[in-house]
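Working notes for the structure below.
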Amino acid sequence: MNKNSSDIMALAPNTPNKRETVCIFGTGDFGRALGHKLIQSGYPVVYGSRSTQISNLIPKDAEVLGHAEAAQKAAIIIIAIQRQHYNFLTPLAEVLRGKVLVDISNNLKLNQYPESNAEYLAQLLPGSKVVKSFNTVSAWALQSGTLDASRQVFVCGDDVEAKQMVMNIVRALGLTPLDKGSLLAAQEIENYPLQLFPMWKFPIFLSLGLAAFFFLYCVALDIVYTYIYENNNFSFFIAITIPNRVCPVVALILLALVYLPGIFAAIIQLYRGTKYRRFPDWLDKWMLCRKQLGLIALAFASLHVVFTLVTPLRAFASWRTSKRIISQALNNKTEPLDHTNAWLSDSYLALGILGYFLFVLLGITSLPSVSNNVNWREFRFVQSKLGYLALIFCTAHTLVYGGKWFLSPSAYKWYLPNIYILSLIVPCAVLVVKFVLIFPCVDKPLTRIRQGWERNPKYSE
Amino acid sequence: MNKNSSDIMALAPNTPNKRETVCIFGTGDFGRALGHKLIQSGYPVVYGSRSTQISNLIPKDAEVLGHAEAAQKAAIIIIAIQRQHYNFLTPLAEVLRGKVLVDISNNLKLNQYPESNAEYLAQLLPGSKVVKSFNTVSAWALQSGTLDASRQVFVCGDDVEAKQMVMNIVRALGLTPLDKGSLLAAQEIENYPLQLFPMWKFPIFLSLGLAAFFFLYCVALDIVYTYIYENNNFSFFIAITIPNRVCPVVALILLALVYLPGIFAAIIQLYRGTKYRRFPDWLDKWMLCRKQLGLIALAFASLHVVFTLVTPLRAFASWRTSKRIISQALNNKTEPLDHTNAWLSDSYLALGILGYFLFVLLGITSLPSVSNNVNWREFRFVQSKLGYLALIFCTAHTLVYGGKWFLSPSAYKWYLPNIYILSLIVPCAVLVVKFVLIFPCVDKPLTRIRQGWERNPKYSE
Amino acid sequence: MNKNSSDIMALAPNTPNKRETVCIFGTGDFGRALGHKLIQSGYPVVYGSRSTQISNLIPKDAEVLGHAEAAQKAAIIIIAIQRQHYNFLTPLAEVLRGKVLVDISNNLKLNQYPESNAEYLAQLLPGSKVVKSFNTVSAWALQSGTLDASRQVFVCGDDVEAKQMVMNIVRALGLTPLDKGSLLAAQEIENYPLQLFPMWKFPIFLSLGLAAFFFLYCVALDIVYTYIYENNNFSFFIAITIPNRVCPVVALILLALVYLPGIFAAIIQLYRGTKYRRFPDWLDKWMLCRKQLGLIALAFASLHVVFTLVTPLRAFASWRTSKRIISQALNNKTEPLDHTNAWLSDSYLALGILGYFLFVLLGITSLPSVSNNVNWREFRFVQSKLGYLALIFCTAHTLVYGGKWFLSPSAYKWYLPNIYILSLIVPCAVLVVKFVLIFPCVDKPLTRIRQGWERNPKYSE
């Protein structure tokens, strides 16, 4: 029996807006979860199953019939079975003719099959209207009602009306349909839930690698060296002092790496004299992960800011201050204000604050909802102009702060350069080349190339 | 006379894109505001009114006619009258047949009537195409042009073409239509503008309750006790010292409360041996407000961070430092660096920074535009893995910081435990049970249950 | 020859989902970039060109024909030529009858022509279905694949089916179409890419002007005056001390300026006794840039917070602390804790923290994705109630901090008031008038006016 126990139907028992019956093929986990949810939303549900004996697991208000009878009761059939069993549907082709088939399947691996499951289904049953949907929704979330994550449900298909019917169901379940166009998009939609931050992998590994290298470098120079040659145990530097040296260095290098591929692209275009040849693959990939590099750089910069601001709260800092003041007091003298030092300390703090401020602005404009509200001209202004300004401020901040170490010979423990020197190589190189690139004699041909002009048309043949 | 004085029409006087006439029933506040705006956007507007004498309040370029004549002039009629007067429309049923009726009404209370106003209208006039829309827009905002808040206008209705016509008008007014499906969604749309953060109420009351309790607890132990037994007046602790004790405690407890319902759910599922029975109501509700609990916890944690960072700027801190240093100086000795202390102080600061960093990451992924751009796998990774890591770091931060108080008997003023001990109960319980749950012998059956397996199928009968 | 070399087509060579042929008129930069991208996405592309000799620049897999032959091969024709050459299309009117013409053109200036390019095209070829689209996409971004910015592509047109066809192409290119309604929206869409933060210009200039004024004011009073009369060189104050005085002052004034227009509006409505007359233009414009003013105020407030928090790290602060402690030590005395001072310092810090906290909350709710998820009642609650609370806290913070300067005569260097006094004028005025406005005897008539009541109906005649 098909009883509608939902609240909505109870409230409007005689309205003509009765929901159309939905058929679900397959009584697996997702089929049952979706059925429960559909019944809650006021849809009569019919299951198509090999064994029509009523299982305990199937929602009480649903009917269970054989596949053919179930399919006849509904205009929409949700195919909640796995791709490898799709061929059992071919004998049902006549019953399914003209019906809307909703493919909700997922694969276990990216691009597991040559064509998407939905396209395969459409090939098997050319008389039916196949719509891909629901594959990004988790059965567990449907069941528990905790749809905290994205409520967006991708929908694609070749038949506009069939898509509309599926999108209405999606909306009735409290989700937001997103039309992704024709069934060709099914491949992309099927790959989507298998991804785990694919764009973030390389930037994260790179930054963790850099961080690990600089961490060990600092441990060697600041803890091991000091312990061996000065017999001081500064092992507690591992907690704050060294992270606070590693974070700014990694942040600065990553920020420079955001702008380096643009420099390479400009040089390649100038050398080739055309923009109509593809960049090498590594450069293309690098350019596509600039946003991620920038955001990781911002994370490291933020850690640096907090690590720096807690300095006065550290027992070590408090002990060092006491020691300095007491030694002055015991010598009965007060040192006058060192103006050079005051200038230097205030300058690098101010430069760092301004650089970080611009950096945070860049991060905010990277939020999808913000970047969707700016046009290209505005986006380019923020990301390029403000981005370079942030890089200049941050590089200057490091130069002013680390400057004193460059010349002092005592800084070269074990003849190794200080990490400030290492951190400045890439940013300074980027800024110098960029400075050359904005000279009119270089900028003009580059602009012309980017507008479509070609020096040697032979390249594009 | 029907003159179109809008800018847009002036620019394109002879284009065939002339806007269709819109009829408005009712000359109340919203009807007038909408009419003004429609005329500004180039629509000819006809008002349907009982008294056809031209009122001063009605926009100058609009016509005013009787209801029947006005309705005949337009294909779209906006019903700007209250639900209790809808029955006067029944005599007009013939005139309104086939027309698009836009129900813009709102109620004064949630679920005031058994069916939504739009569905009621559709029952009264079954020959017309009823579309629900515009009820979330404020007349004042339409009038003043200050549509700062959401420009989204929900639209629902059973007739696709009628919906399209209304959505075109919405777009022409500079707003964004959002199709919510069939007329069944009208109830939800009518309830929407009456809500005031419904999901936030319980989390906010809970956290304010917790904060008030711990505040009074601290006032008693830190100010009253000290005043009575040590005769010290530390009343100024109310401004910063005590808030900075209450905030981290509330933040930590709330963060643990985010993960506690998941623990309960796992235990219930293990005990029942099935996932096909609903959780108790309190658990369902608790799970649905985890995001809000987490964000409030983040707010308290952020206040704790800022309160901590301003410590060196406080007159009290500066006085305490002076006192300590001067007493050392007067004793003519400098204390050596206490390495244990340096380690402890740096560890809890570093743990706190990392915990807060992860916490902020969680907060950023809760932004709607960010969580719409991640899939389920990614969302679960961030919210579950990174979330537990944040809880571990924050609990460790509190343990290292508060550890010294556990054993010292002087900490038990009036035989009451220190608030650090109170704050650690819930987080430690959550972490211990979670630790048990990830043991393979517990995790395996749980995973099977969540994939649909049942130990005792009788439960689901 | 028309070969489809794309990956997608390779994967599904025999599917019926073959993409329809797209014709592009014009072989300029954007035409070529779009052609490349279309071919990559599996569309057969035909170029319509005056000279049909195959150019090197045109994608290899595309055909090049005369305009008429090319147009006959496709149902969609993308017009990638400039507006001034549109009239050459008139002889092709017969061939183009019933076809979908996609106008992708942009202008060089806002509102360059009386009607939009797309409407002009529709007037020239009344038999064709003109759709405006793609004008917000950059050729360079299409080419390089680095569509970091908005993936939204605006689409408008009078023919629903034609729009659907264009939106499908947009989706196939990996972009998100956004239906902006009828062709009347083309003007707005054409103006969109020419804008550079139009709403931000006035607020930014205003705040930079204020900041420059207060900076010079502080340089005069704090550096020049001190140098002349006290012979102290505090030039390094330029880096941190003075910015940290200017930022809070500008932030507070801007925050007050956010609420001032609402005050003016209320007074004007009370005076006029009606809400049905437009506000003066300057007030309308001011009200529309309140969000921008508020966000810039938040930026200045954030800078103030960071500048304040780095204080203990400055060489100057460290020198001042040493000096104070040593002078106490040399006098062999420890000063007792000054309770008034402890109260004052803790209060203004706590007030500032709470004010800033509310301010950040306001900023977060201004994010488009957040404000789209709240209804009017919620938005007004946050922006009005919490906003005024933030203003009260920030004003109180300044009053408590700057209070001591008001009465001390030494504060009036060169008989000029301290900047704290200047900064408090606007916020205090706003708060006082707002306080008057919430009195029932003023609030009641105002509420009635805002609900549509009129004191003197003559005004609206």
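Using N, Cα and C of the backbone, Cβ positions are placed for all residues, glycine too.
Here's what TrEMBL has on this protein:
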type	residues	note
DOMAIN	C:21-107	domain 'Pyrroline-5-carboxylate reductase catalytic N-terminal'
DOMAIN	C:249-394	domain 'Ferric oxidoreductase'
TRANSMEM	C:204-229	transmembrane segment
TRANSMEM	C:249-271	transmembrane segment
TRANSMEM	C:292-313	transmembrane segment
TRANSMEM	C:347-365	transmembrane segment
TRANSMEM	C:386-407	transmembrane segment
TRANSMEM	C:419-442	transmembrane segment
Subject >> Two-stretch contact, the transmembrane segment (C:386-407) and the transmembrane segment (C:249-271), at least three Cβ pairs under 8 Å >> reply: yes
Original post:
If you run through the domain 'Pyrroline-5-carboxylate reductase catalytic N-terminal' (C:21-107) with DSSP, how many residues end up as helix, strand and coil?
Top reply: 32 helix, 19 strand, 36 coil
Subject >> Leading contact stretch, C:204-229, C:249-271, C:347-365, C:419-442 vs the transmembrane segment (C:292-313) - CB distance under 8 Å >> reply: C:249-271
**OP:** Quickly jot the same-chain residues contacting the transmembrane segment (C:419-442) by Cβ under 8 Å, restricted to those at least six beyond its ends, or write none.
**Re:** 214, 217-218, 221, 245-246, 248-249, 252-253, 255-257, 259-260, 263, 266-267, 270, 388, 391-392, 394-395, 398-399, 401-402, 405-406
Original post:
How many helix, strand and coil residues does the domain 'Ferric oxidoreductase' (C:249-394) contain under DSSP?
Top reply: 121 helix, 0 strand, 25 coil
Subject >> the domain 'Ferric oxidoreductase' (C:249-394) [mean pLDDT, rounded to integer] >> reply: 89
